[in-house]
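Asker: Can you keep this structure in mind? I'll have questions shortly.
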Amino acid sequence: MRPLDENETTVVFEKIFKFVGNNLKNIVENPSHEGPEPEAGRYCFRLQRNRVFYVSESLVKRATNISRKNLISLGTCIGKYTHAGSFHLTIMSLNLLAANAKHKVWLKPTSEMSFLYGNHVLKGGLGRITDSIVPGDGVVVFSMSDVPLGFGIAAKSTQDCRKLDPNGIVVLHQADIGEYLRDEDEL
Amino acid sequence: MVLTRSSKKAPKPQTPPVKNLSKAQTPPLSKAEKPQTLTSKKGAKSQKKPPLKKQKKDVVVEEEEVSDVESEEIDESDDGEKGSNGFFSDDDGEELLGDDFLEGSGDEEEVLSSDSDSDSDEDDIQKESEAIDRAKAKEEEDADAELLDFNKEAGPEEHETFRLPTQEELEEEARGPPDLPLLQSRIKEIVRALSNFNVLRPKGASRKECVEQLKTDLASYYGYNSFLIGALFELFPPVELMEIIEAFEKQRPTSIRTNTLKTRRRDLADVLLNRGVNLDPLSKWSKVGLVVYDSQVPIGATPEYLAGYYMLQGASSFLPVMALAPKENERIVDVAAAPGGKTTYVAALMKNTGLIFANEMKVPRLKSLTANLHRMGVTNTIVCNYDGRELPKVLGERSVDRVLLDAPCSGTGVISKDESVKTSKSLEDIKRFAHLQKQLLLAAIDLVDATSKTGGYIVYSTCSLMVAENEAVIDYALKKRNVQLVKTGLDFGQDGYRRFREHRFHPSLKQTKRFYPHVHNMDGFFVAKLKKMSNMKQASEDDDEAVETVEQADVSSDDDEEAEAMEEMEKLSVPSKQPKENKERLAKSKEKKKGKKDGKSKSINVERKPKKKRSDWKKEIAQAREEKRRAMRENSKGKQ
């Protein structure tokens with residue numbers, strides 16, 4: 001387990017910034033109540049076995065006892081580095097993103113299952129959408145009852161969405177909670 | 001009723017005086033007209049009256065004769081079922097009955113004319129009621145006797161056809177595929193015979209033969225190996241054994257646990273009901289459990305499940321976490337955490353504060369553990385991959401507040417989930433598991449900090465019914481470490497065994513809990529909660545070894561003195577909110593070591609110590625202890 005170095009930190013922050021924008025400050029400076037001390041510590045990022053973890057400092061201190069090959073996970077895993085060296089956010093970061101997301105999309109009940117199978121979000125399945133979405137922004141997908149379902153990249157801006165035909169893709173799928181069942185091994 | 005009546009029949013009375021009496025009784029008939037009609041319709045009631053009258057001891061002889069006559073007549077009517085109508089049309093007979101119903105009292109009035117009317121009335125009513133009671137009692141007795149008779153009659157009849165199969169019959173059976181109906185009927189017969197063996201034993205068969213035959217039949221009918229059937233036989237009497245085996249054949253109801261980090265049970269229930277899931281709250285002892293009867297959508301694949309709002313978890317798995325009762329901002333270790341149901345429950349109870357170490361030894365199970373933790377939104381957990389016995393070295397001894405040890409076991413309590421347990425477990429497996437569990441429990445105890453302000457507890461649980469994996473392991477830990485059993489906090493469930501066959505365990509083992517599928521409708525489970533009294537070990541540091549050696553005995557005697565000194569210091573230094581408790585605990589632990597009151601442990605300690613240097617040690621130890629005892633008494637007197 002080691003802290004992220006400069007490059008890695010920038011890459012990770014960039015990815016998160018797409019989804020949360022200025023709330024990135026909240027994420028980094030969130031007081032954490034984890035750990036046995038009654039005072040709140042801070043969160044930090046750590047790299048372990050190509051996975052980036054968002055974890056409270058007090059946990060980090062106590063995890064130093066555990067040797068590298070025996071440490072599997074700390075706190076929340078937010079993403080992993082591929083062999084090629086690029087960083088992807090995984091579904092396990094959903095809670096963190098959903099709490100701080102700037103761009104959101106709500107799906108109709110009929111198209112929930114389709115998204116959970118890994119398909120992209122189509123215009124016909126769109127219930128609500130926040131304004132000021134630019135293509136290429138990170139979007140968090142919710143169900144109508146505000147259950148976070150996953151996230152993706154916006155394909156069209158909000159304005160364009162209105163003009164789109166029902167089969168047009170609005171959000172490109174990146175990760176959804178159905179992966180807990182479909183891709184258990186990948187996680 | 002015919003039988004009882006015939007047995008009650010008194011010797012036939014003389015007829016002439018009866019007729020005279022009956023004629024004398026005819027005038028007051030007018031009163032009795034209504035009851036006549038009643039009695040004509042309610043034949044049963046009228047039948048009861050004559051025997052009543054017979055039993056009245058102070059009844060006039062004439063009355064008895066009358067009643068006898070009537071009983072005869074009614075018997076005749078009973079014998080000829082259709083003839084009863086004819087009988088009832090016989091007004092005289094009816095009138096006689098009607099007379100007797102009311103006239104009994106009338107007769108007494110006539111006879112006991114000296115008494116005042118009201119008294120005689122009360123007396124009559126009293127006597128009638130007593131008579132009715134007696135009649136009822138007698139009927140019940142007769143009914144019981146009949147039942148016994150029936151058993152005896154039916155029993156021997158059937159037993160004449162039912163006897164244990166001979167050798168040739170067994171060989172014949174073994175040749176073809178097992179004849180299931182025959183096996184089933186034989187099992188039932190033997191169980192019935194065993195339940196009341198003196199009365200119902202089959203001819204020429206000893207109890208042992210019956211038991212052996214039952215075991216083989218059960219094994220082949222339900223698919224168990226002989227070891228497991230034998231083990232279950234030791235735990236339960238035959239009737240309960242049948243119940244539990246039948247319970248193992250069926251699935252326990254599916255239950256889910258609400259994730260209180262993300263939602264409330266009520267809201268979750270609403271959402272799931274909308275999806276078409278038929279569910280109910282689990283039971284009154286759980287605020288987060290729901291039981292699922294049936295569902296239109298797969299319960300393990302709803303969007304709510306995937307979003308981490310609930311977890312599929314058996315009801316029995318709630319219990320060790322409820323016993324553990326973790327508080328916020330504590331450090332907890334879960335020694336065998338996969339697939340993470342209990343760990344996530346612990347985190348939910350702690351509201352994501354504090355710190356949990358979730359350890360799992362098998363690598364393939366780690367993925368599901370991590371996935372479940374993330375899905376349920378648990379952020380205060382560190383997942384590591386160690387053998388549980390190494391954890392004290394890695395995490396440091398006395399480093400955490402509570403430990404949950406859901407030990408790997410033979411799984412004999414969850415046969416309904418995994419049928420392969422029926423055939424795959426043998427005595428060696430059980431022994432191996434027991435050895436591993438003992439080591440793990442000692443390691444878990446070492447992890448806990450006894451001086452923790454809020455904690456100091458270890459919960460040990462298994463999903464097995466075997467005493468060797470449950471009570472024996474706890475008893476071992478009680479001897480090897482300074483821990484005590486405390487109440488689990490679960491107010492249902494059966495108490496653990498204090499003694500079982502040749503084993504004698506520490507009396508506090510009554511506070512452990514056992515759960516059975518046929519009694520509590522959840523998987524077989526065992527839960528025990530230990531409190532660590534002090535950080536001193538009674539045995540040597542090599543806690544992996546289950547066998548004591550000479551050196552250990554040496555060390556233990558030294559440790560005793562050191563430990564006592566340490567405990568005294570601890571007692572003074574630790575802010576004792578309850579000095580009495582401390583003293584008691586100390587006294588208890590001292591007595592344990594001394595083996596004064598707890599004769600069992602003393603004898604066992606004595607057995608373990610080698611006999612070579614015993615006499616020397618004993619003197620030294622006894623002297624040291626006496627001095628300490630004197631010092632303690634002075635201290636306590638001083639404090640008080």
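Note that Cβ sites are derived from N, Cα and C of the backbone, with glycine treated the same way.
Okay, these came from TrEMBL:
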type: COMPBIAS; residues: B:1-11; note: compositional bias 'Basic residues'
type: REGION; residues: B:1-127; note: region 'Disordered'
type: COMPBIAS; residues: B:42-56; note: compositional bias 'Basic residues'
type: COMPBIAS; residues: B:61-79; note: compositional bias 'Acidic residues'
type: COMPBIAS; residues: B:89-125; note: compositional bias 'Acidic residues'
type: REGION; residues: B:148-179; note: region 'Disordered'
type: COMPBIAS; residues: B:149-162; note: compositional bias 'Basic and acidic residues'
type: DOMAIN; residues: B:244-533; note: domain 'SAM-dependent MTase RsmB/NOP-type'
type: BINDING; residues: B:ALA336, B:ALA337, B:ALA338, B:PRO339, B:GLY340, B:GLY341, B:LYS342, B:GLU360, B:ASP387, B:ASP406; note: S-adenosyl-L-methionine binding site
type: ACT_SITE; residues: B:CYS463; note: active site, nucleophile
type: REGION; residues: B:537-640; note: region 'Disordered'
type: COMPBIAS; residues: B:556-567; note: compositional bias 'Acidic residues'
type: COMPBIAS; residues: B:578-589; note: compositional bias 'Basic and acidic residues'
type: COMPBIAS; residues: B:598-608; note: compositional bias 'Basic and acidic residues'
type: COMPBIAS; residues: B:617-640; note: compositional bias 'Basic and acidic residues'
Asker: What are the non-local neighbours of B:ASP387 (S-adenosyl-L-methionine binding site), defined as same-chain residues 6+ apart in sequence with CB under 8 A from its CB?
Answerer: B:MET361
Asker: Between any two of B:ALA336, B:ALA337, B:ALA338, B:PRO339, B:GLY340, B:GLY341, B:LYS342, B:GLU360, B:ASP387, B:ASP406, the residues recorded as binding S-adenosyl-L-methionine, what is the biggest Cα to Cα distance in Å?
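Answerer: Taking every pair among B:ALA336, B:ALA337, B:ALA338, B:PRO339, B:GLY340, B:GLY341, B:LYS342, B:GLU360, B:ASP387, B:ASP406, the longest Cα gap is 20 Å.
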Asker: Between B:ALA336, B:CYS463, which of the recorded positions has its C-beta surrounded by the fewest other C-beta atoms within 10 Å?
Answerer: B:ALA336
Asker: Could you tell me the C-alpha distance between B:ALA336 (S-adenosyl-L-methionine binding site) and the residue listed as 'active site, nucleophile' in angstrom, no decimals?
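Answerer: Rounded to the nearest whole number, the Cα-Cα distance is 13 Å.
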Asker: Using all protein chains in view, find how many other C-beta atoms are within 10 Å of the C-beta of B:ALA338 (S-adenosyl-L-methionine binding site).
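Answerer: Excluding its own Cβ, the number within 10 Å is 23.
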Asker: For a three-state summary based on DSSP, what are the helix, strand and coil counts in the compositional bias 'Basic and acidic residues' (B:617-640)?
Answerer: 23 helix, 0 strand, 1 coil
